[in-house]
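**Student:** Sharing a structure here in structure tokens format.
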Amino acid sequence: MNIFEELKTRGLVFQTTDEQALVKALTEGQVSYYTGYDPTADSLHLGHLVAILTSRRLQLAGHKPYALVGGATGLIGDPSFKDAERSLQTKETVLEWSDKIKGQLSTFLDFENGDNKAELVNNYDWFSQISFIDFLRDVGKYFTVNYMMSKDSVKKRIETGISYTEFAYQIMQGYDFYELNDKHNVTLQIGGSDQWGNMTAGTELLRKKADKTGHVMTVPLITDSTGKKFGKSEGNAVWLDADKTSPYEMYQFWLNVMDDDAVRFLKIFTFLSLDEIAEIETQFNAARHERLAQKTLAREVVTLVHGEEAYKQALNITEQLFAGNIKNLSANELKQGLSNVPNYHVQSIDNHNIVEILVAAKISPSKRQAREDVQNGAIYINGDRVQDLDYQLSNDDKIDDQLTVIRRGKKKYAVLTY
């Protein structure tokens, strides 16, 4: 099975400009290709991972990746299928975000070894050297307004309004392809299916300005089995930066993937062989309650993104919280595992009766209910049941001198911080 066939089997090919010609190029020799990442935030997220891992698969097959950070296009904003104009960021912010994204990409691509080692490029390097007049004369003349307005990504915005700034975005992305082809012989661009219009602007410019053929391959925008856009947890993006989404949170995200999606996601997001995935699928279907596919998915992706130690820690937090063994975890581990739990800041540990704390931390709705909860054995401090109405919090209840975990019943938590 050649690399293109494997990508198709894994569900990673959505659209190509000329599949037959692309397969021929990929099988006849080394292809230089690129994927672009605009710094619209200070971290990449799971939505970017499909293109990143596809790029890595091609590198493992011997082809040469160029990772383009859009220092210039990030200043403009991509209008593709967006309902409204993006907020423009300052140059300083975009530069800072660009550097962070470069660091994240080095986790997945090999920038050091072999003749196909990855290269990092930033389109600010060439766009900052082009005058507006030169850009209009040397690039703009190859694009008709009719051609630009025919793009689905632009059509959606015509009625609501689109600025010239965003309208020109596709020409800038097209020029990226031309520049990389001219300087590095890049002949293939990879990106999300929502980028098709911008990406084919590049092949159009290559054809008209240089009389060359370029290839485009889009990866699908991933949705779950209900049609919901993939990559968000509780409406928030799942970031690749551990400070924005902890390894534990990422682990839980994958662990909670629906059964109907789990095997498909193993093909897309892991480097397990198709034979290994087929074996996992057989075992998974025989005992879905054991969630083998989800556990494998969580292990593989968290290890890939954050490393084996982070995976082991996330697994340990999961197991200890499930067993109620709060004291077996450090304060930092508890902050990961209980990040969505309400916090109540306590100025001083002194003179805090358990009943008062339960009400103040909104664990119990009233003092009467709090007293009943304590007497009925429903209250736990750091995993230990408390049934004494006169119980006073003390320094012994602090974990790593930072926090105390209170639980009511099986699921209602609060974290006291000091």
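Every residue gets a Cβ built from N, Cα and C, even glycine.
Straight from Swiss-Prot, here's the annotation block:
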type	residues	note
BINDING	Tyr34, Tyr169, Gln173	L-tyrosine binding site
MOTIF	39-48	motif ''HIGH' region'
MOTIF	229-233	motif ''KMSKS' region'
BINDING	Lys232	ATP binding site
DOMAIN	352-418	domain 'S4 RNA-binding'
**Student:** Including all protein chains displayed, how many Cβ atoms other than that of Tyr34 (L-tyrosine binding site) lie within 10 Å of its Cβ?
**Tutor:** 25
**Student:** With DSSP as the reference, give the number of residues of the domain 'S4 RNA-binding' (352-418) in helix, strand and coil.
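**Tutor:** Split by secondary structure, the domain 'S4 RNA-binding' (352-418) comes out as 19 helix, 20 strand, 28 coil.
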**Student:** Which value does the mean pLDDT take for the motif ''KMSKS' region' (229-233) in this predicted structure?
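**Tutor:** Looking only at the motif ''KMSKS' region' (229-233), pLDDT averages out to 71.
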**Student:** So, three-state DSSP: helix, strand or coil for Tyr169 (L-tyrosine binding site)?
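**Tutor:** The residue in question, Tyr169 (L-tyrosine binding site), is helix (DSSP, three-state).
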**Student:** So the record assigns Tyr34, Tyr169, Gln173 to L-tyrosine. If I measure every Cα pair among those residues, what is the longest distance in angstrom, as a whole number?
**Tutor:** 18
**Student:** Helix, strand, coil residue numbers for the motif ''HIGH' region' (39-48) per DSSP?
**Tutor:** 3 helix, 1 strand, 6 coil
